[in-house]
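Asks: One structure coming up, written as structure tokens, with questions to follow.
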């Protein structure tokens, strides 16, 4: 009973705060079961199952339906089948939604991991920093924010639902405990989710605008446009989220703000997303026309032309989010039928959750430029390891050679003649003998002393580069006139 009273009081408070409607409508009312907002004349109005029901967790996705007559009067009966505790249809529907949740949780988790890796790669390689990749990095960041906020929101919603279920078993906990300790964080997560969804779609729009500018504008100053792109991608969503937060707080301040009692408020979030979809779709068609004209200008064979056009099309679809245009106008108000709603949910959740993974693969992991830079970094690291290993090997052999030389010295130093001037200890001398022949007869021999510097016992010209050093010393040396060949 206490839960019902709280639900009724919140409903009446929302009625008082909402502005009066214009035209012929069925007036807002609370029929002791559900809270009905103003309904359009001659329509079927649906609201979510009341949250005060003890079995609400089982039917939280269900709807209550009521007919608003053409004369502006509510029908006496309402359809509460989806909110019944023993409704087999709702039980099956809940199982389907549970499977959908597993699917999009896996998708967002894979997208989150791949996008973080892709963002790190583009940020780490300085040679990859350009206008195109900077836009890609911001797009990756919007996907990361979207995936993280949705996953966090689900965890907090589960906590709220579990707490509500516990209130029916342990009523001494009180409704205030749930509201004060949990709902605030849940609302922040929902607000961040709405912001990230809009920001993600607007960075998809920025990708489309940038591609169209590259293909259509002859003189294109990228630096001047980048700040405009930042304002569109991160600034524009704030313009729509703030009014939505305001109306939610004033008129629908219920639990986590995840329910849309008045669908008119939901259009504050929905309308900018639909606008971005439509603009990107027209940009997509325009880009395809430009690509077709450019491919035809190269006089390619039909099969090659068809293949390259198809590849460009498939690449642009996840980048611009064109897949979302399919169910753009299948809105919640007209998708009351269970089958249509399930198909739409499956399509939206599948593509939106795995879209980040596809974008990370196409525009980072299989990108030739990125692969080239990573291969260069790997080769440098491998070469450094080889040089370090060779240095350690040479350095470990030097003390043994010195001790062997010391043991070979004569014990009587007084009879040893004065040593001749030799190369410094930091140098190693080698002698190269060049024999020149004429008609098979030895004519002359040239002896060249090769001195290689040492650094801490290691030769500067290692075995890997010794041939290069010898070649440099012999460069410019010619055999005497009349000599047929020279042997080294």
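In case you wondered, yes, glycine gets a Cβ from its N, Cα and C as well.
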Asks: Out of 171-193, 194-216, 309-331, let me know the one TrEMBL marks transmembrane segment.
Replies: 309-331
Asks: For the feature transmembrane segment as recorded in TrEMBL, pick the matching range from 102-125, 126-149, 390-413.
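Replies: Result: 102-125 is the stretch TrEMBL calls transmembrane segment.
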Asks: Labelled transmembrane segment by TrEMBL, one stretch among 73-96, 265-288, 433-456. Can you tell me which?
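Replies: Feature transmembrane segment in TrEMBL: residues 265-288.
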Asks: Ranges 343-366, 463-486: which does TrEMBL label transmembrane segment?
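Replies: In TrEMBL, residues 343-366 carry the label transmembrane segment.
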Asks: Examine the transmembrane segment (102-125) against the transmembrane segment (265-288) and state whether at least 3 Cβ pairs sit under 8 A, considering only residue pairs 6 or more apart.
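Replies: Not in contact, no.
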Asks: For the domain 'G-protein coupled receptors family 2 profile 1' (10-87), give the DSSP counts of helix residues, strand residues and coil residues.
Replies: 11 helix, 22 strand, 45 coil
Asks: Same-chain Cβ contacts of the transmembrane segment (343-366) under 8 Å, 6 or more residues past its ends?
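Replies: Residues 97, 100, 103-108, 110-112, 114-115, 117-118, 121-122, 136, 139-140, 143-144, 146-147, 315, 318-319, 321, 323-324, 326-327, 330, 335.
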Asks: Between 0 and 100, where does the mean pLDDT of the domain 'G-protein coupled receptors family 2 profile 2' (100-367) sit?
Replies: 81
